[in-house]
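Input: a single structure, listed below in structure tokens.
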Amino acid sequence: MESPVVEGNSGEVATPTLPQPPTPVSSNIRVVCRVRPLTELEKGRNEHSIVHFFDSKSISIRANGPQFTFDRIFGYQETQSQIFEDVAEPIVNDFLDGYHGTIIAYGQTASGKTFTMVGDPDSHGIIPRVIESIFVGISKMREKDTSLSLAFCLKISALELYNEKLYDLYDASKSNLNIREHKQNGIYVEGISEIVITSIEEAYNFLNISNNNRAIASTKMSAASSRSHSVLMIELSQQNLSMESSKISKLFLVDLAGSERAHKTGAEGDRMQEAKNINLSLSALGKVINALTCGANYVPYRDSKLTRVLQDSLGGNSKTSLIINCSPSNNNEHETITTLQFGTRAKTIKNQPKINKKITYHELELFIIKLAKDLEKSRKECEEITRSKNLEINNLLIQLENNQKMVVESNQKLELLNSQISSNHSFDNTFKEIENTCENSKIIFDDLNDHINNNNNVDENNNTNNNDNNNNDNNNNNQYQEESNQYQQENNQKDGDQNNSSFDSIKVEDLRDLDDEPDIEDIILNSTLGNISDDDDDDDDHHSNNNNVDDNNNGEINNDSDGYLNRSLKDIKIPEISDLNDHNINNNNNNNNNINNDNNSNSGGLRVSTSYITSSPNLSPSKSMDVNNSPPLFSYFKTKDFPPSSDENDKFFNDLIAKGENEQQQQQQQHNDDDEDIKSTTSNATTTTITTIDMNASHPSGIDDPIEFTIIKSDKTITSTIERETIQPSSLSNSTSLLDIETVESSTLPAPPPVTTTTTLTTVTTTKLTKTTNIPSNTNDINSIDDFGFSKIEEEGSSSNRKPNDTAILSFGDDDDEENEDNENEDVIVDSDEDTHSGKNNLLNTFKNDHHRGDFGATPTKSIFNKNGNITIKEFETPQQQQQQQQQQQQQQQQQQQQQQPLILQTTSTNPTIISIKSNKEPSPSSSTTTSIKKKNFNKRRSWIIFTIILTITLVSSSLLCLYLPEYKERLVQRRGYLNKLGIYSDYPTNEKISLAQHNQISLAKELYGGNSKQYYDEMSSFNTAYNHLIEMNHLETAVSKIFGSAIDLRFSGDDVINSIECKRAIHKLKTNNYVNGDLDQQQQQHNYITKIDQLSEQSKEQNQLIENFKLDLKNKTSEIEKLEKEIKQKDNKIKEKEEKIELIESRVLNEEKGGEKVLEDQIISLRNDKNTLSTQILNLEGDKKSLGVLVIKLNSDKTEIQNEVKELKRKVQELEDAPIALIPNPFVKWVKSFYVEKKSWFVENIYKIWNWFK
């Protein structure tokens, strides 16, 4: 098959061309002439031959007649085999290649047409030899087809044209048939019988039936004269299954009735009517020949049914050979000349033969793919071209922009130069004016000097005083200038220090009472790290200098200095003492090195407000938390125009610093006194360790700090010791160095450090604190917990309305149950860390900040709880503190009425802690939760049970289909039958292809038979049946492939997988089960096949040897025949010479005596006798040759049969080789098969149900 893609030598794909059918090649009709010998009847009428042969291509009537030239001329001696080899064999070869072919025998009555086409039993004509040659050619093509992809279908039909009516020679009941024309298939006869033949015997049987039905009658010129035109049509369909291509070729073998004259044939009645119709159709044939020869615009094919049938053979798509049969008798001279003239005209006709091959879908797909590749390639080339052009355009645009910029710059430079030139001109003018002014001033100065010198003696005292005043003024001006420059330098230096120094962000907490609003304000004080004392000294120096200036300078200078100072003092930002006292700043430190750490601990968990005392334009957080570089507690940076400080400012700052130090000392003294009290109390207590919880000090998520709880019990005192690790201040410097406004407002502060129990934040990593708390006898004193901010945990109402047993409950998750079980009978009471607000605020801020922020990851809550999860925290303060607490309680109760919602705390464990106030019992899971869990588990189990049932049903159905489906070969035979019916040549087409083929076949049948004919409905029903069966088989194969694909782990994907050989073999093996039962039988059968193949191969060798021997004998015989023919020709020449001599002698005999005539007659008789003997010898040799030819044909047929048997045996052996090795029979499989056989009817019924379910 021609491929639409052509590759050159370089491997590049050439430009694709649209796949076209083979182009026709113009060729003339081949015309040969055959002259029969004189018949016995003609010899009896003393008729003689008037035909003269010049060579193998020229002939003339009489010696001096015109010559007729043809492609080949056959004389009296040429045999049937020679005619076939020269005329018919090339047509048959082209017919096998896919061309249409036609062989026509034309001539007068009794000229030998039927003998040439049909022959007799002893000497076969062209038709039987053509059939034999076709089968031989098909067998050769099958031998060359190693892939077994070629399929052949040979159909044969016969018709006759009798009295201008078409009859079916095979089925005599079909008469008066109609001629149709198809766009692709050409001319065809509607309703004619087409018989598929598979062997030569079937073809011979068809020919015998057709010849018996032909119209034959006896006339004066022929005892068995054909009274009709007969046409034998042979159609060959060749299908290449691998390439999905097909070729359809037709061969027409035409035996025309002879033209005749009524007075010669003696036709009367019906014979006369037959002769008229014959002559009419032959005359129409002559008109067509003339029209084709002359190149007329219109060819009268429709004048006769004969020319209509032969339309493709004459000037159409066919390779045509015309045999003109002539009679040598002088009685038929006119008819012979007419026949020769007909042949001369016919050989000028040109046909357009071509291979009748259809363009396949595969070729079109390849062509489309090639076009798509070329399109993609051209698209990429266009993209590259456009990309390169765009780059060039972009480069040009960039160059243009650069040029424009250069032009603009050059214009600017020109303008600048022009402006400079103009300024130079103006400067020159100004300079000239100044020079003139100087010259004038010199003149005036000289005049003044002269005037002063003249009055020097008169104004001496005045000049002395004036000089003193001028000196003082100059000194004052110089001093003032120096001070101003120095002050400017110092201001510049301060500005640089402010830009380069770092500012601490001191977080001052507004420690309101516990009953205040939940929003707690923090004030950020930005302080400089500069030295205030040095600045003050510098300011004092400035003041002293200014005072000196005031004493020495005049009043204007003093006024200017005072104005400057007054203007600068307006920018001083000094907070009032009352404002600072309202913030209750408490740093809880012993020294100034831990200020930042103390601020961090106090601010943990509080929400920071956005109000600032002042702001700095340049903040450097890198050193803000550095302990060694910490500034004083309150320091205010100076603005850019900060003037020298006054005494009041110095006094204010000194008082403020002294007050902070005094407060620190008082707090330290208070703390030391508390420590002594605690130590004295712990000596009378007994210590019991409850439990130890190991936690990580670095605060990763989900892990707590290591805390050791120790309960010291006595009669009325409980001492709690809390040991935990603190965090180095240096580790907090980067995380809490400085907070900006946006961070504070969005409440996304960094995690504050853990709650610590230390009162002095030094670099020591572990500290211990113990405190003694007196337990009152009255349980109502538990209300003192409100001082720690736990009033939010309680229910509505004041502390007076609370019940004695109401406690705050911390509800923990399941993770804490195990720890609680170890402490079943112990209630732990946690006391406060410190006396000051620092420790209390830490715990309070933890609860409040978590509650207000809504997130629980910042500060882990450390609490001690009993077995029920109840936390009890008691605190007893001094009377002063209790009075403050009562005020706080009233405000907190008001807040409780507005905010009543459970508080959620987050511990470092995985489960959050919920504080409940309604009961002291641990919450238990609800019944609805348990029911939902059970439902989920039941749903899971139910889905698994359903899946198991479906899997079991699938496996059972697949095993049943395995046992009861028909074998693969049977289904393949059925499938191929249906596919051939629809004209499909692939074994596994898709459903779309099947539907399309059905539609095409039905439309073709409608065109052939008509929409209302019975044949059309029969064909349509058969097409529908084939379509339904094929669709059903496709569904079955798909279902089986899916089942077996899941069983044997093959990848099935519809028709593509089913078409694969591995899938076919797997399905075949699974369904036939040959590998279970047939191990020994297969081996024995395979051995028998091999031995039989060996025997047949030996027989074929012997047969080949016999054939070779016969061929050698045949060659020897033919050589002998050729020698005899040469001798006969020589003797014929001698006879001719002697005949000429006899004629001369006869002419002389008339003048000679009777005695001389007798002698000549005797010589003539002897010569004739010799000729007769030679002719008999020739006939004998020809008979031997025919018998040898028949024997050779028979041997060839035997050889082909043997070869077919060998192929069949090889195929079976190949199937046996492909079959898997037999497995060991399984007794379980035998039991299952016996069980299935017993329950066969039940299983068959279920199989049909399963099959319907699959459908």
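Just so you know, glycine gets a Cβ as well, placed from its N, Cα and C.
Quick caveat, the model's predicted, so the values are computed rather than measured.
In Swiss-Prot, the region 'Disordered' annotation falls on 915-934 of the listed ranges 315-334, 755-774, 915-934.
Minimal Cβ crowding within 10 Å, among the binding-site residues GLY107, GLY112, is found at GLY112.
A simple way to gauge crowding: the CB of THR109 (ATP binding site) has 25 other CB atoms within 10 angstroms, across all the protein chains here. Under DSSP, GLN108 (ATP binding site) is assigned to a strand (E or B) in the three-state scheme.
When pLDDT values are averaged over the coiled coil (1088-1223), the model yields 71.
In the three-state DSSP scheme, LYS113 (ATP binding site) is classed as helix.
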